[in-house]
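Visitor: Copying in the features that TrEMBL gives for the protein in this structure:
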- B:21-38: transmembrane segment (TRANSMEM)
- B:58-79: transmembrane segment (TRANSMEM)
- B:86-104: transmembrane segment (TRANSMEM)
- B:110-127: transmembrane segment (TRANSMEM)
- B:132-150: transmembrane segment (TRANSMEM)
- B:185-203: transmembrane segment (TRANSMEM)
- B:223-244: transmembrane segment (TRANSMEM)
- B:250-269: transmembrane segment (TRANSMEM)
- B:301-320: transmembrane segment (TRANSMEM)
- B:340-368: transmembrane segment (TRANSMEM)
- B:420-441: region 'Disordered' (REGION)
- B:422-435: compositional bias 'Low complexity' (COMPBIAS)
Amino acid sequence: MTTTAPVLLEMRSITKEFPGVKALSDVNLLVRAGEIHAICGENGAGKSTLMKVLSGVYPYGSYSGDIVYQGSQVRFSDIRQSERAGIVIIHQELALIPDMSITENIFLGNEPRKRGAIDWKSAQRQALDLMARVGLREDPDTLIKDIGVGKQQLVEIAKAFAKDVKLLILDEPTAALNEADSQHLLDLLRGFRERGITSIMISHKLNEIEAIADEITILRDGKTVETLNIQRDGVDEDRIVRGMVGRELGSRFPDHTPKIGDTFFEVRDWTVRHPISAERLVCKGESFHVRRGEIVGFAGLMGAGRTELAMSIFGRSYGVYLGGQIFKDGKEIQLKTVADAIHHGLAYVSEDRKAIGLNLLDDIKTSTVAAKLSKISKRGVLDQVAEYKAAEEYRRELRTKAPTVDEGVSKLSGGNQQKVVLAKWMFTDPDLLILDEPTRGIDVGAKYEIYGIIQRLADQGKGVIVISSELPELIGLCDRIYTVFEGQITGDIARKDANPETLMKQMTSTKKMQTR
Amino acid sequence: MSRIKDLQKNLFGGTTSNARQFGMIFTLVAIVLLFQFLTARDLGVGFGDGLTLRSDNLIALFQQNSYILILAIGMLMVIVAGHIDLSVGSIAAFVGILVAKAMADWDLPWPVAILFGLAIGAVIGAWQGFWVAYVGVPAFIVTLAGMLLFRGANQYVGNADTIPVPAPFQKIGGGFLPETGPDTGYNNLTLLLGLAACVAVVWRELQLRRTRKEMNAEPAPMWVSVIRMAIMVGLLIFVTLRFAGGRVGTSFPISGLILVVLVLVYGFYTRNTAGGRHIYAVGGNSRAAELSGVKLRRVNFFVMMNMSVLAALAGMIFVARSGASGPQDGLSWELDAIAAVFIGGAAVSGGIGTISGSIVGGLVMAVLNNGLQLLGVGTDRVQIIKGLVLLLAVALDVYNKSQGRFSVIGSITRPFRREASAEPASSSEAGSQPAKTTVAG
């Protein structure tokens, strides 16, 4: 890749305003043919807005500035026009229909026809060809809901190829993927580069960017900060972080000295089966404990049963309970409903904040108090002033970026939505917080803040369980890490012994290991 | 911002919940005035002598529509929770005939008969709520079945005959506030009611200002509040005098009084209580609500059961007003109630809507119906016009929303918000650094 390759796309002084907010001001982006171009920036830096301008989601006329693509100026008025020009965007939230097959999804809206009817034979043939190109080995008749997220992502890319893509835009492509799937996807992108397909990748995973991108454009507060060439400028992660936050970030994790107390929460022989198939155990007699002030990690591959374990403990929200006991402060407690769990001081921040963590119709203040209305009401009657004050307090404490607590949560960026979810559960005064992928899809700066919040909660004497697919995060944050493999806890590893190799070994084997 | 825009924002821009209700009432007033003008022109008389605003017409309007509006209250809660109820007309008819028969055959005293009717409604509601909440059958199907079931039950019990009801019972549908006190030329109780309403409007406005102050939001300028109160009070005085000064023996209808009480109670419930908040949470995202500790089944059971109790009440009021229960009672009421809720700004997918919006939505349909009939338009054409109004009202709102413009219906349904400029703190935080220490609250 040389810097002399022809320019494929140039966006010049793009400015986009929303009522009251300037989302982009004078942003420039130059992408050369055949490169992988990364776009980095914090939450709300304008990455997604820029891509929406490019793909015509925000039509020509709703922004100012020029887009020059393949040598001529383009004015897309909707997403179909940009797709016809070969620009395909793959969003973080996949746009696939779960109850349709891989073939049907690949050709959705783009069906090959013969005399007006869909030519399924040809579609099948083409689908197999496209699947081979993205390295997806599956029966093309398999339903989307029956394959994992990693493979779904590949279907999305195959779908893009079906549209004859020239410029592939990926928004957080690996956010929901485990290490192996991420690696596969990155290899795939490298393969595309060799075949001359240009990609733009938005990602918060800086190690991936460093490994794969040719050039990086960094945005901050709706402005272009700089464009760096990885090789020429000798860019590393710290360099990118500096560009994104505007200064040196000493460490990825805040300094923290744990103040660990006694064991106060214990689960014994926890056994749960799958909600539908009666033979499948998702938790096979697991036992674990949490001490006051301790941050406990749960490491495991996707599908290992970490979320299932957490949700089944949180008021039996998942699966069918078969056996096991929960002790808090030495006494056995019964958590048959979510209300019981909240009453006993448990909080569960889900991995999917949009689908099950928040009501997107709500504003910040209704979301903040939603899990414990009793705290702001007397005999069932809500005190709206108390509600406002509580929400405002958490907004300030967590530094949620929003004009007021009346702002709809759907308008917030991922990191700020996550802060609202955290506020919602902190508001319940929990003793034990279970955080499931608390930093998924969140940029470096906000991650740092969320780590700080987690540490402060632990310092208040609460127990915190962190479930994460990012090993560096668990190693940097947790005092102790359990590894989970196929519904079983396979390891209990102290901080000093935790390293990616040990964890990965325990995450892929059933051999029990203890290092304390 | 120009002066006019400023005024518009302050009066209708939703700076307080009072303001958005005010905006919707404004729309309703416009329709009323339109028909007043058209009926006056039709008769060739002055504007003041139009038919729409005559005392007897206003009273009739209220009496004829109170049961639909009562249904709209329950329907709003059902729709906000993400369901629908198609059975309300049939339930109303079935309860009506049972109550009529109970009084005719068993000589049940009328107050006991009313309680009996409400109890039947509760039992039917529990039946439907059971299927919806505990078995998980979609409400559309459960209530479609209920619609057939209870229509049939009405005709089975009544032998497809009409059964008259005694005079005291008829009061709840056709009665008025009694005449008492000194001869003022007006109905004194209606005057008192109007006075109470005026006091309530002023008290509420002042309380809202106080609340806003406690929330650190700059309240609308005082003159805006004064204008708003003046208009509301003026409107109330006008309506009160119309209701109080009608034909002797008529005044504010009892069924209207029942409606007002229900609107106040349910309005408070949906807005200001934890139970009400749970209904919105379930409709907005049921899984998220469940994981926040909301008892999903209990909420779904409650809204379905509550709807049937209100349907029972509506059925009894209708029977009382018409003096007898018959096999055709309550036909297509469900559709009128659903239309009122959607014109009033509820979202088809649940989670959004208000009681006051639904009431005004119902009144818009009622005034339209009434006005067109006064103009001598046949029922065939009235139906066509009502259908188009429903479609256009919602379509216009959907369109405006998609264009990011002011949404008439959205302005009614949005919970009250503060202007962003009222919070200067936010701008200074927007560019802050991630590692900065926490800003103390």
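Glycine too: its Cβ is placed from the backbone N, Cα and C atoms.
Walk me through where these features lie, including what they touch and how far apart they are.
Guide: Proximity of distant same-chain residues to the transmembrane segment (B:58-79), defined by a Cβ-Cβ separation under 8 Å and at least 6 residues beyond the stretch ends, is recorded for 85, 88, 92, 139, 173-174, 176, 239, 242-243, 246, 250-253, 255-256, 258-259, 262-263, 266, 270, 279, 283, 303-304, 306-307, 309-311, 313-315, 317-318, 321, 333-334, 336-338, 340-342, 344, 346, 348, 350, 353-355, 357-359, 361-363, 366-367, 370.
Residues 67, 71, 74-75, 110, 113-114, 116-117, 120-121, 124, 128, 140, 142-151, 153-154, 157-158, 163-166, 169, 307-308, 310-312, 314-316, 318-319, 324-334, 337 of the same chain lie 6+ residues outside the transmembrane segment (B:86-104) yet bring a C-beta within less than 8 angstroms of a C-beta in it.
Residues of the same chain lying 6 or more positions beyond the ends of the transmembrane segment (B:132-150) and with a Cβ under 8 Å from any Cβ of it are 78, 83-91, 93-94, 124, 296-301, 304, 334.
Within its own chain, the transmembrane segment (B:250-269) is flanked in space by residues 55-56, 59, 62-63, 66-67, 69-70, 73, 77, 171-177, 179, 187, 189-190, 193, 243-244, 275-276, 310, 313, 317, 320-321, 354-356, 359, which lie at least six positions past its ends and keep a Cβ under 8 Å from the stretch.
Below 8 angstroms of C-beta separation, residues 66-68, 70-71, 73-75, 77-78, 81, 83, 85, 87-89, 91-97, 99-100, 114, 117-118, 120-122, 124-126, 128-130, 132-134, 139, 142, 165, 169-174, 255, 258, 262, 275, 279, 329-330, 333 of the same chain, each at least six residues beyond the ends of the transmembrane segment (B:301-320), sit close to that stretch.
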